[in-house]
Each structure stands twice: as C-alpha cells, then as structure tokens.
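Trainee: The structure is given below, and queries will be raised subsequently.
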Amino acid sequence: MASMEETHPAGVDDMISLKELTEESIMENLKLRYEKRTVYAVLKKYVGKKLVDEPPHIFAIAEAAYFNLKSDKKNQSIIISGESGAGKSESTKLILQYLTAANSNQCGESWIEQQILEANTVLESFGNAKTVRNNNSSRFGKFIQVHVNKNFSIIGASIVNYLLEKSRVSKQALEERNYHIFYELIQGASEEEKIKYKLSDISTYDYLTQSGCLEIDGVSDKKQFEKLKMALTVLNMPPGDMEAMFLTLSAILMIGNIKFNFDTNNDKISISNVEVVATIAELLSINKEKLCEALCFKKLTIRGEVTMVPIKPAQAFDNRNSISKAIYDNIFQRAVDFINKSLTSKEKVSNFVGVLDIFGFEDFKINSFEQFCINYTNEKLQQFFNQCIFKLEQTEYDKENIVWKKITFTDNQVCLDLIENKPAGIISVLDEETKFPKGSDESWLSKLDQNFSKHAYYVKPKISKGVFGIKHYAGEISWVSNIFVSNLVPEEPSAGNKGRSAPTGAKTTAATYFKNQLISLVTTLAATTPHYIRCIKPNSQKEAFIFYEEMVLCQLRYSGMLDTIRIRKAGFSSRFLFELFVKRFKCLVPSGMKIGTDSYEILCKGILTSANMSSDIWQLGKTKVFLKDEAIILIQKEADKILTMKVLLIQKFMHGYVYRKKYCLKKKSAMVIQKYLKGFLCKRIYIRKRKAAIKIQSVTRGWFARDFFAQLKKETSIKISENYCEDIQSTTIIKNEKNSLSDRKKSVTPENVQNKSKEENEMDSMFAFIGDFDHTKRKPKIFGAEDLILMAENLTSEIDALFDAQNIEDSNDVDQTGIFDQEELQKLPSSESLVSQQEHKLMHSLKELTQSSEYLKKGMKSNPLMKKGAVYEQFVEEKIDPNSSELSLQTFAARYFDSQLMKHDVKQSKSNSKTNPNKIEELLRYTKLPITSNILKILEAKKVESIFSCIQQLIKIGIENVELRDEIYIQLCRQVTVPIKDVPKTWDLMVLNGWLVISLVSSSFRPSKALFKYLYAFVLRTIEQYKYSENSHIKKYIVAVEENLGKQSALNGPRIHPPSIAQIQAQKEGSAVVCPFYFMDGLNKPLPLRASSTASNIIKDLVRHIELQDFSGWSLFETGGHTDRLIKSGEYINDILASWEMRKIEGSVSSSPTSNAGLTGLFGGSPTSGSLFSSLSSFKKKKDSASLSTNNSQTNMFPAPEMKIVFRKRVFKNLHETVFDPVEANLLYSQSVDATKKGIIIPSFETSLKLAGIQLFIECGELEKSLMEKKILEGLSNLISSKYLINREATVVVALILQEYESNFMHPTKELKFLYLELIQKEKRYGSTIFPVKYRGFWSHVENILLSISEPGIEFLHPKSKDSILSFSYANVTSYEIEITNVISISVLSKDQDDDEKKAIDTYQFNSLQVKEKVPEVNWVLLNMEIVKARENLLKNSILHISQNSFASKTPLVTVNNSSSKELATNRNLAKLTNIETTASNSSLNEIVNSYDRWNFTKTTLDHPLLNYDSPFEDIEWALSTHTFFYSYAGVFALPVIGKDTYKVDNEKVIEKIAERCLQVQSLTNELYLQLIQCTSEHPDPDCRQVLQFWKLMAVYCGLLVPSGDVLNYLKIHLKRYCHPEVNGKTTNRNEEAIFAQYCQKVLLKAVTSTPRKLPPSKEEIISSMKCSSMKIRIYFLDGQFRAVSLTPTTTVGEILDYLEEKIKLKGVKGFSLYEHFCEHENSLDRNEKMADIITKWQNFDFEKDDLNVTTSYKQKEEKVKIYYKKKLFFTGAYQVPCSEMEENLLRAIYDFSKGMYPLSDEQEIYICALLCQQTYGDFSDATKDAVIETLKRLPPQKAIRKNIEADITKCYKTLKGKLYDEVGKMIMEVFKSWDLYGSTIFEVQQHYSTEIPRVCWLSVSIEGVHILEKNGRTPKVTYTYPDILTFVPSTTGILLHTESLTSELKSFIENQGTKYVFSTKKGHQIAQLMKDYINQKSLQKKM
C-alpha cells in the first residue's frame, strides 16, 4: 500500500492501468481514492468533455452517454446496479440532473427539465422507504427514458415501474418504516389540512407503529412534504387531484386501524370500530355498507352465480390488508401515469437516454416474494452484464480469429434457467400451482424439492422445513414457502406498465407478469448502447467516509469486477467493420492509398500502421478492426489532429469569407459615407468656386463693360467727325467762315472740354459697381477662397494687359485725329486758307472713320454685350469653313469609320497602310445595295412597315441610345448625297424626303461633339448648293436643320419622345402644329409650335398675346383625367403632344406592338425594295389617319378632350398685394373660384355668401329673382361649402346669397372681380397649392392627407374635411428632400420642447399620390432570362412534379434566339431596343421549360400538386383542394347550388386555415406559392376581376409565409416582372396587377428579413392586405387617450415601442412596454412578438376553453382586447427620472392603486382619494359633492365598501383647499414613494406546498431582485437579489424560482440543494421576462 501511495497518492483513475490485477491492488486503489474524496466533482467540469479527458465520475458516464447519443444517433442506456443502500437512487438523481443541466439554455432549465427532476421527488415519496440497510431504499424499480428531439434537446420523458413492494403498506420489519408519503403527510399537513384529511397523531396508526421506527435521523418529513407538493405543482397536478390523493392516503392509514370481532362458534367476523369504517367511507366517497361487506365477506362465483361467503377469522386481517395494498398500488400506478402524461411531449421523439434504477440485491431474516423478484432481477441484469462483457466478447474474438488469452468467468445462466425455464422453472411451477383449486405452499415446495433437489443452484435445507434456497451470484438466499402461493393472485397488467401481456382469455400471476416485464426490459437494453455504473456500499452503518474492506471486497467478488477489469485490459473494447472504420478515420488514409481502389482491409491496416501504434493494442479480424482502449484513444487523437488542421483550414477560409463579406459591407458602407461626404465636400468646394467664379465673372463683366464703353466713346467721336465734315461741305459763304470758326472755338473752350470730361466720368461711374481691377482698392473678398482670388487677380491682370495694349493703339489713333484737342484749336489756320485745310481735314476724317469702323468691328467681335446673332454668325464664320477639306465627311469617315468596312472590294498595297479614299467616298454616297456591315460598330436591325412609325422608331432609337445618334446622322447624310453613277430617276424626291427626315431628327437630338462641326459644314455646303434652287421645300428643310443645330437645342437638350404624327405631317408641309392653351376662365389661345418650343417660350407668347403685365409665378399645367402636372420651363411642348398621341394609340390599337425599326431597312435598302426612302417617295400621295387639318399653312392638333395645357398662377409671392392689372385680375378670379369649388379655400360663412353673390352677378348678370333663386338652389353646393349646409336650411342660405347678389347691381363686372380678389386674399389658404400624399410610418391621423404649400408655410390637411392637422412656417422648416422613389421628406423643428433643450427635429415622410410610385427600370431581356433560369432550376432540381399531362404542344412563352449569350451580353442595348426575348440555348431542358403546361394560368384545375414531393395523402388532398378554392374564390368556377340556396364558404376562414397549415409544413408553403404564381401569370384578361382576386390572395400570403430555395427566387422574379404595367417594354393594361405586385414585393422583403410568423392572419389583416393597405390598431395610454398606429404583417412590438417613444416626446424615458388588456387579464408583450399574431390570438380566443378565469359578465359584453402603453421597468440609483416621465409614473401608480395592486394603509387610501378629488375637481364646493363618489369608483370594490369611507374622504378633501394640480401630483407621488418597494411590479400568485409563506401572496419584481410579500403587505417575507437566484423557469401555469447556487462538493449538494419556490400564476412568462429585462439592465449598468 505504501508503494502505491508513493507512486499514486490519489490512486489511479483507470484500474486497467494497474500493473498487477489482484483483489488487493483493486481494494487498495478504491480505498485510497475514497479517502482522498476523489469521487466528488463539479458538474460543469464534465460538460462537453470526453470520457478519458477527465477523472472518472458519474457525470463523466452521463456525458459519455449524451455525447454518443448525439454522435451515433443511437439510443443509450445507463444501468445502475448495486446492493440496497449503495447509492443507486442518488446516482439516478445526479444523472438526471446532469442531463438536464447539460441541455439547459443560458437562462436556466426549461420547464420540462424541471418536471423530470421533480418527478423523481414524487416517486421517492410514494416508492421509497427506510430499511435496515438504507434510509431511502427504492421499493420498486424504474426505467426512466429521457426523450430528445432531432436537435438533441430534451423534450420529455417516460417512466416504466417494476414490482412495487405492496406488502410494506401493511407490514414492516423492525427498525424499518412504511413508505415516506405517510409520514410526510402527517408531519407536513397544516392544521387546516389535517382537519380536511381527518389526520391524527402518527402514533395512532397501526400501519406506522408496528416497526417501532417513526423518524429518520437528519430528515424532516415536514420539509419533504413541502417538496412533494411543490413537485406536484411543477408537474401541473390540479389541486383537486392532489387533494383526492391525500384523502386516499389518509383512508389507507385508517384501514389499518380497523378491528374485528370474531365469532369462533359460527366462524364469522364483524367490525368492532364501525366509526372508523364510516370515516374511511367518507374519505373515499364510497358507501359505508358496501365497504363493511367487502371487509367481512368475499365473492364466490360458481357457474355465473355470485355468492357472498363470510371471511374466516384467520383471513380477516389479510383481507383488510389486501384492500389497503391494492388501493396503494393503484395510487402509485396512477401517480406514474400522471407523471408520464405530464412529461409526454407533442414533439416527435428522435432518441432517448435510459436510466435504469432497479432494486438492489437483498437478503433479510425473512425474505418474501418481493425479495425473490428483486434478486431474480439482479441475477438477470448480472447475466446481461456478463453477456455484454464476457460471452459476446469472447464469441466475437473466436469468430474473427483474434489471438488473445481467454478469461474464465462465472456464468449465471444456469441459475436463471432454474428460475425462469419452462415448464420446469420455479416460476412456471408456481404459476401451475396457483391454477389448482387446492394449491398450497406445501405442495408447491414439495414439487420444487422433487424437481430441483439435485440442481447445482437449488438449496434444500436438511433441518428447516417449509424453506428453500437459491445460490445467486451474490450468495445463497433462503425463502419461507408459506408466503408465495397463498399471497399470489392473478394480476391484470396496468396501463402504465409496458410488459408483455398474456394470451387472450388467460390471467397472469404476479410472478409471470414480472418475468415478462423483466424480459421486455432486457430486450430494450439490448437495443441500446449500455453504460454501466456499479455502486459499492462502503459500510452497513449508513454513514459517510467509513470503509469496510471485507464488505467492499465481497461486493467486488460477486459482481465480477476483477474479471471485468481483466477482460477490459486483455480484450479489445472497440471494434469496427472495415468499411465503417475507413469512413470514420478516412482522414488518416496514408498517401498512396485511395478509397475505392484499395480494399477496406488494406486501408485499415495502412491507417493503423501510419498511426505508429504497437501491434499489441490492435488486431485485424476477418471483417472488423479490433482496438484496445489506448489504441482508440491514440488513433482518435491522430484523427483529431488532422481534423483540427482541416477544421482550422475551413475556419480560416470561412472566417476569411465572413470577414471579407463584412469588409465588403463595411467598404460599401464606407463608400456610401464617402460618397455623401465627398458630395458634401464637393458641394462646399463648389460653393467656394462658385463664389470665386462670380467674382471672376464680375471682374470680367467689368472689363467687357469698360471695353463696350470705350467702343461707344469711339463711335461717338466718329459720328462727331462725320457731322463736322458735313458742316464743312455745306459751308458756301466764305464771309461767314470767321464767324463760324469763332463759334467753333467758343464751343471748344477749355471749360467745355472739362464739362465733356465730366460727362464721360459720370458715364464711367455708372459701371463703378463692378469694382476696380486694383486689388488694393477692391474691398470685398471671397470668403475662404484665397487661391481663387489670386487666380482671379492673375486673370484680371492678363486681360487688362491684353486690352491695355489694344487701348494704346487705339489712343494713338485718337491722338492722330485730334478732333477735340486744345492744341489743334489754337493752331487753326486763318480764314483764307480754311477751305483748303477743310478739304484736307475732310479726307483725313474719312480715313479715320474707316479705320475706326474696322476697329469697332474688331473690338466688338468677342464682346458678349454685342448682339447674340452677330456673335453666333461671327463664331460660325470664324470657326467653321464649310469648304475646308478638314471639315469634310470624308475626313470624319477616315477617322471614325469601322476599319472592317475598308477590306471589302478594295485592294490595298501592302506598303500603303492608309485608308482608301475611294472606298470612303463610296461609303458616303447613296447606293442601291444594302449595307453589308455596320458603321461605327452597330448591328443590323429589322425593317418597318409604316412610314410614320418608321420615322418615330428611328428617332426613338436615337433618343434612347446616345451611341447610335451619329450612326443615324451619317447614314441619313449618305442617303441624300448624290451617288457617283446610276443616279435614280426620283432622286429629287428622295433628297426632299431625306432632308425632311434629317430635319425631324435634328429637332429631336444633336450629334456628338465629334460629328457636329462636320455635319454643320455639310449642312452649310448644302445650303450654298441649293441657294439658287427653285425647290423651296428642300431649302426650308435644310434651313430648319441649320436652325435645329443652333444654340436653342444645345441649351434644352434632346427630346424625350419622338415627334408626333402631327408634327411629322406639319414638318412635311412646311407648316406648324397649332396647340390650344387654356386659361382658367375657359377660354383658350391656339399658338403655333416650333420644333424647339418650350414651356418658357409659350408662357412668353401667351403673356404677350393676352397683354399680361407681370408673368412671374405663372406656369403651364398638363391636366386631364387623373393628371394635374406642372410643365417645367425647359420641357418641349411637342413632347407632351407626342405623349398624348402615344396614349391615344395605345388605347385604340390592339395589344400587338408595332414592329421595331431596324437600321438596315432604314439606310441600306434600295428604294424599290421597301426601304424608308422608297416609301417616302409616295409621301404626297398618302395621308395618315391621325387627326390633322391644314389651315393657313398651320397644322391644328386637337388632343384628347380630357387632356389640356392650362395657364395658371403657381407661385404667390405676396398674397395680399393688390392686383391692378385687369387681365391678371380676371385670371386670378377664375382660379380662385375653381379653388373654392374644390374646397381648397373654405372662407367663413359670411365671406362665402359675399363671394357667391359676386360670382353669380359676374357669371349671370342681372336676372329675375325667381330665376336666380332657382339657379342658386341648383348650384348651391358649388357656391357654399358643404360643412355650412349641414345645420342650415337650404332656403335660408339661398335667401342670404340672393341678398348679396342684389347688392352688386350697382357695381361694374370688372370692379366686382377686383372686389372678389380682395375678399378671397384674406382667406387662410389663398394661393396654396395642394398635393395628395400618403404618410409613411405611424401616426394618429389618417394615412392619406393633403399637403398644402403656400407663402406662409406648409400645412397638413385632412382629405375630407380640409381641417388642419399640423402646420409649420418656413422658419421652422430645417430641410426638405425629394427622393428618386417619389418620397418627400420634410424636417421641422419640434414644437414639443423646452426653451433650454437642444433643438429637436421631427421628420415627416410622404409618398406622393399624384404620381405613381416610381418602379426602377428593368432590362426585359435579362429579366426573361432570369425567368427561364428560375424555371429550369425548378425542373432540374426536381422541385416540380412532371407528368405526361404536364406538357402541351403550344407556343413557348419565351422565344429562342440563335445568338449566343455572349453576343447577347455584347449587344444588350440593341437587344433592348429591338425587343428581343432570348434564352440561353436550345437545350432539351429549355424545350421542357417551354412545353411545360403549368407555368401560366389555365382554366383547368390541377390533377396533382405542382410540387414534387413524397407527401401523405392528406397533403396531396390539401394541395388540390387549395387550388380548387383559389379558382372558386376568383370566380373561375361557379359555386354549386344546393336546392334553392347557393353553397356559401367563409372565405376568410378558409384563407386562415390554408395559412395555418402552411406554417406547420414548409413544403406546403412552396406548393401554395407555385399555385399562386401560376394563377397570376399571363392571364388572358389583364386587370380583370379573376386575376385581381388571385393577386389579393398573393398579397395576403406574401407578408405571412416565406417559401424556400428556388421557389423563393422564382417568386421574387415573378413579382419583379409584374411590378411594371408594361411587359417586355410593351405597354399593357396590367396597372392594377402592378400595384398588387409592388405591394407583394414590399411585404415579402420584410417577411424574408423578419422572424417567422407563428399564427395565421386575422380577418382584419386579410381585408387590409387585399386592399394593399396597413392594419390600424389603437394604443391606449393611462390618461385615457389613444394613438392610432399602422401595422404591416411583420410589425413587431419593439417597432411600435420605438415609434411611440419618438412620437410622444418622453425624452430620456426608459422601461416602457405594451400590455394586452382583456377583461381582467393583463399581460406584457415581448418586443419580438408580431402584433399581427397577437391580433389573431385574441380573434380566435375560445371562451369555452377559457384559461383566464374571465367572468360570465365580461363574456357577455364581448369586450375587445386593448393594447396599453405603460411603464414596465423602474430604475433607481444613478438613473434620474426626467420631468417628462413624472406624469407617466403618477398615472401608473394610480392605475396600480385602482387595480388593488399597491399596498397602502386605510389612512393612506383615504388621503390618496382626497388628493385625487382635489386634482380632478379642484377645491371642495357644492358643485363637487359628487367628486368623492366618482373617485370611490377608482378603488377596488372590496375597499370602496368600507364603512364611513365616503365621509372620511370628504373630510380630508376639505383640508386640501387651495392646492394646485402640480402640487397635488407631487403629494400623491410622495405617498406612493413612501413604500420601500416603489417602482416594483406586483403579481398576485399562489402556492400550495409551504406554510412558511402565505398561500396567496404577492411576488414583487424590481431592479434589485424578487420579493415575496403577503397580499396587501408592505414588508417582504423573503427577498432574493438576482445573483442569489440560480434559475427561474416559467410555464403557462406558473413559475419556478431556484435560489442559492450549487456547491462544489457532492456532499454539500446533497445536504443543501437550495430553496425552490413554485408559484401558480398565468403570468409566469411575463414575470420571467421582466426579471430578464432587469438582469440585462443591471449588466449594462455595470459595463457603463
């Protein structure tokens, strides 16, 4: 021993590793480990660890079983064996605890796990008792199966019980006790329960006192009874059943006290204490006489006749005891059945872990039949152990030729044969004996002696009589035979047991029944992977840490432990089939070997050899690999290394993928941030540059202005010189020369010159605002742009330098002329020589004039202040020389044409690499041959049939594709260029038509910059060519082209639509399209339209024609139908007319689209082969069918009558400015009348009367009174707002209007219009522009409102009443944004804020209802490819069911193009233009896709589900019935008629049931969507009722159900396809379908990203989804107000809370939640719950199965559920309650007080009521006498009826006089806060097991912890902080709290298992969630 202590101080963990395997070494190791306490361990130490990783322990066995269950997916069993008292029951409890703890989630065990643990408590109370060997001995056997689901989570359990020792109920040996339950009931029952159960002192019961042992040391029966009742509560036993059980137990004890009177003469008995029988009958609720009869008589049935035979005195007590034993056995079995029912899960069981806790081997002084069965069981299990460990092991080795040393062991099969063999076994003989009428124990024993006297294991005593013995593996046991046959009666197997049943018609005895049970048990164990736990009893004193070596050694010997250790050491514990071994360890296959090539045996050998293991620890058999424990450990470690490396590699790439994905997301987010940040920075830089540019522009403009002024000065001097010369020539009288000269000198005096300079300086000062060029004199600077200022100065100096040089030259010229120079005046010649000098001067002046003119022309050339036309002409003259070879088309062709064209028919020299000019010339001239290749790399396209549609399609291609515009221009120019030879006869006509097309093209878009100058030069050359031509039409077209290429088209950009037919016709005839423009007074003004006419041009023309003085704020609007759109200033009017024409054609033409125009037919074809130009040659002979008329060389176009262009005022800058212009007054009057009629302006009633009178007089003039009354009555609704007519008589209103009408007789009409404007300008909404919008988000108003924008600000209006909802001035508007998706965002300063708070911003978002929600453009080619791909995937992945009937010979949905996908991608734009639908290839799969018959809608129902799955018949039937319902709902099928009535279906209920089924089975969801996609695809009648009904169903399910995989992808593509009213770019009439598709797409996206729904849709959800709108619910507040909130199918409680916290402006508020309130039931809602699920739950609430205990009166009211917004979490300490939260806290406290959930004394309640009276009604007075009565209604009923309470409240109320509202509120809060637990949430709960706390109590939950109080009490009985609470587990019926944590040592754990509380309440989950919230909040506070 000393040597082992030195080598292994704590012993060895695995005794196989002992060097010497002897009894002494094993005993020494066990004793050493026992003394070192190494048998104890912490539970968490073994979780997730392998068996060899930690020291041996019972937890390690449990973990190994759980691990094998998960890895092998095979059932496991743990077999616990050992003597009685060895610790089997405790081991069972520890294993169950470990399994539940290992399976627990983070917040603790689930309720089912707690039930499993507590079930053992119940079984111990009813099935365990104290024996001489064990204080808690199991007197029955049990096999507990812990069930798990496919995720290996515990979901339930089941218990099979074996052989309850019933004899213990009536008789116990000395120092033993009856079952624990009897003692626990008597000691633990309260006084009230003792009276109810008629219990008395324990010493009065004969069944409990006969052994002399009433108590167990260290065990409190009272505490155990509390634990029992708590366990029954956890198992959800109803209180009534619990009470009935205890009554029955009390009756059993009373049965033991029944006494008899014996009549020895007559051999009869009678009951002596009849009162006891009466008590028993009362307890059992049975008839007293019947019970007495059963006690004194027995039934004897002979040939069907029943005879009551008196019981013999010797049998009286046995009969009494048999009744008590039968009753107890029935109670026990019922308890097991109840436990099994409670632990049974609805979820499917996948596997189980079985724990066998069977009775241990027993040997008493007098052994009964129970001991016989117990020892038989242990013998059977020992044989099973030997079978697994020894026999099967050695047989397997021999079979596989494994070389090993065989081990001899004791085989107990012979002993088992003695007991259970048929027909000669002991049990068989016993059964046979019981069948004889006179069978007895003596005869049975004699048969045993006769049959088995020579048997090796049978013992026949030589001395004792009536005794026999059996040599068991644990020793020899003797039995007295007189207790077998006499007490053995046939038994019926009970429902709870799972043993084998006897043949029909036969009854089995207890022995046979038990044998069958045991065989069934062994069979079950054999089908599992067994794990063994051998319990060794260290001593017989039932004390800890005492080790009896002899006792331990004896147990080791008979259990065969030494042999077990030897065979484990010598044998091979693990074995695998070759194939399975390779599959498991294939990662270790050596290089050079390959699975599938080499045999499995070779592979196994290679794996084992490469592991470098000794050959002693592994061997290869014939079919298997055999490994010892160390071998499997080593090879597993090698495999773990490899797998770890591979796992790390996978993790590496997975982490790389994940982090790369995160990085990409972050990068994308960063790029978004960078985009906006760069945008911000660029915007800021742009602003700075703009300021700098403005500065530069101002400087430059100053220079231009000064230059212009210098030019003016020069021009003035020239004119003076001209006048002077004329004066000289007109002088004929020489004699007046001196006078003239004298006058001239006077006019040129220095004073005059000085005055002239002054005038010039004054003119200079006119431009002084520009600033000086000198930076020292320049005052203003550009803020933050110093570099730009420097650049501006440099530029200024360069410009000045340039012009200073020019000015020097100019000044020199001026000096040479010297017209007004003073020195010249002094040198004037005399009068005699004046004539000659004048002649000389004249010539000089003429020369100077010529030079000045040239300078003027030169100086004015680049000055922008000159005329624009001159500048443009000079630009053209200077920039473009049309005759230059550099600007020829040949030069352009050489530079830009496709080089491939040059290779055909042109032989080039190898030395000459230049392009052949002849080839280019040929390509640029007209040819009859079609173009064989493309120019500028563009593909060919198709021909067209219609001339007009051809031109329109050509221009449309150019508009949509910028890259094609130059191609179009080049080919058009080519077709009007005369060919080199073979000029066509109709060439002139072709040229005419060609230039017509060019003029139309040039009016639509410009060429590129590269082509512009070449094209413009070509046009100029052509103009020059036709300068003297007689063909005026060609000249008109060419000049039109020149004008179209001018600056106007460059400024306004290209057209949106191609020219209309009317414009083409007008252009052809040289006229203009005339369009009428309407005014608000009903008149119109037709105006001719130029090609470049924009809205701004038209406005100027209209203003000029109607002579409107001020046109600021006036605009054009496109109105008609549902359209009222502002026309922007740069929009082309011709585009609007073209859009009208397109709509008109689409409405009248069939759905087949017009053929697309191709480039080949347009430009390459011959005139005789149907090309465009051959068609144009007959232009004059054909008339298009469009509504065109020619009048005065103008074409009038009359659009559809509903479409008009209206001229009206849009912006009112000064609303109250007086209007003086009569034209403007007339237009504004008409506009105001229209606004009043529409209700935009609602004047007051008096003003409305005046306006109506003025309007009537203006429109009707003076009429007779009767006629006017009639006219007023007819149009009353248009004159007066409807809200003024509700409460007024019409005749009275008519009279008042007539009075106002007559008062206007004296005023002229024009004056009245001014008066009307004066009145209407005073109204609030005058000048407002109204937009219908839809609010995005949640608010308390309607969704669809009107947005009013006017000069004062913006306003939100109700759509019907036009009442103001909210209004904001522009000073409060911080920003606004209009997104691309047509969403308007307006940010305003919040109104609800304090002055000292930081400014808060409220943002309102709206969707405009004027314009449909913008749908992103789609590439139809790619979309069609996606559809085909999705359908191919459905077929390829075998998702769709394919049958012979699924295909039909019909045209495929998608046309196949021969071009490859690569070509398609390259030419995607052209494919888009030419509307080609393309698939990938002509494969067989594609053919299947095209021929499949169920893609689109058909009028036939399904004969098989669309989904291909192996489903039960009910699923197939469901799929077909669902499709039939869809068709009947849509109206495809008529409902059947039964008699006179039509069969009616509750559609909403069926829709709900379909969704409910799909929520349960995912595959049905896929089937549902495939059916809906088919129903909504390609319906032949777009937007009809049928298809819209299908779409309504789609809208319901898209927000609820999410399909999976390929079906989800197919659904997304389907919705994407139908989101557009047009299909494949062709406009259809599927507008309503597009609305549904857009809604479905939106809700599906939310459903995909949200958690799944739990319940089907409610009726309200179905209706709202079918309307594509949101549900509405009301959220109530404690002050009585509510707020309406919009819901989507995926809206969660958390989203609503976030919205409310933002909207109600409770700043800094924490801890609020939503509560569902129904009658008296109230429950807090979880943030993750879906509001739609909550609505469905309450809609389907079943009053018949009401678990809420709602009273009948409430049910009769049919009250609806209400959602309240209340405070849930109250914080203390550092958290400061904000002022905005004070009132909410007050309301919550008052609310709890009114519900009776706040502990206040009577005085405090009276004080609170008085304060409420003062706060609500003010000071006491006669008017407030009823205030007290009303306030009493707020008290709980039981408190409101208290005596004199009304008088007491009134008295206190009077003392509060003068207290203000806020002051009273603070006083109320002071009272509430006086409670120490203020802020906690109180729940009323019940408990039925403990007397230490009240039966009905309050559970108070706060941020500090959980408090248990007496109801209405203020001081907690018990308080637990959250660290003290180990777990809390809620259920639907209660909550369990487990306080105090587990200790580290097993002994401490057994002695103190902590305190558990189980409370009955319907709010268990709410309490647990509240505790979680507080725990999370405290953890956050710690982190902060």
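Heads up, residue numbers simply count up from 1 along the chain you see.
Placement of Cβ uses the backbone N, Cα and C atoms for every residue, glycine included.
Pulled the feature table from TrEMBL, pasting it below:
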DOMAIN    1-640  domain 'Myosin motor'
BINDING   Gly82, Glu83, Ser84, Gly85, Ala86, Gly87, Lys88, Ser89  ATP binding site
REGION    518-540  region 'Actin-binding'
DOMAIN    892-1068  domain 'MyTH4'
DOMAIN    1073-1432  domain 'FERM'
DOMAIN    1497-1666  domain 'MyTH4'
DOMAIN    1671-1982  domain 'FERM'
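Quick one: how deep are these features, and who are their neighbours?
Mentor: The Cβ neighbour count for Gly82 (ATP binding site), using a 10 Å radius and every protein chain shown, is 20.
The average pLDDT the prediction assigns to the region 'Actin-binding' (518-540) is 87.
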Trainee: Note the Cβ centroid of Gly82, Glu83, Ser84, Gly85, Ala86, Gly87, Lys88, Ser89, the recorded ATP site, then list each other residue of that chain whose Cβ lies within 8 Å of it, in sequence.
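Mentor: Leaving out the recorded residues gives Asn134, Ser137, Gly360, Cys535, Lys537.
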Trainee: List the same-chain residues at least 6 positions away in sequence whose Cβ sits under 8 Å from the Cβ of Ser89 (ATP binding site), in sequence order, or say none.
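Mentor: Counting only residues 6 or more apart in sequence, the Cβ neighbours of Ser89 (ATP binding site) under 8 Å are Glu124, Asn128, Asn136, Ser137, Ser138, Asp357.
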Trainee: By DSSP, what is the split of the region 'Actin-binding' (518-540) into helix, strand and coil residues?
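Mentor: The region 'Actin-binding' (518-540) comes out at 9 helix, 7 strand, 7 coil.
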Trainee: Can you name the residues of this chain that are 6 or more positions from Glu83 (ATP binding site) yet have a C-beta less than 8 Å from its C-beta?
Mentor: Arg133, Gly360, Phe361, Glu362, Ala474, Cys535, Lys537, Gln555
Trainee: Taking the Cβ of Lys88 (ATP binding site) as the centre, count every other Cβ atom within 10 Å, in any protein chain shown.
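Mentor: Within a 10 Å radius of the Cβ of Lys88 (ATP binding site) lie 25 other Cβ atoms.
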Trainee: Report the same-chain neighbours of Gly85 (ATP binding site): residues 6+ apart in sequence with Cβ closer than 8 Å to its Cβ, ordered by sequence.
Mentor: Thr131, Arg133, Asn134, Asn135, Ser137, Gly360, Lys537, Ser540, Lys542
Trainee: Which residues in the same chain, at least 6 apart in sequence, have a Cβ under 8 Å from the Cβ of Ser84 (ATP binding site)?
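Mentor: In sequence order, the residues whose Cβ lies under 8 Å from that of Ser84 (ATP binding site) (at least 6 apart) are Thr131, Arg133, Asn134, Ser137, Phe359, Gly360, Phe361, Glu362.
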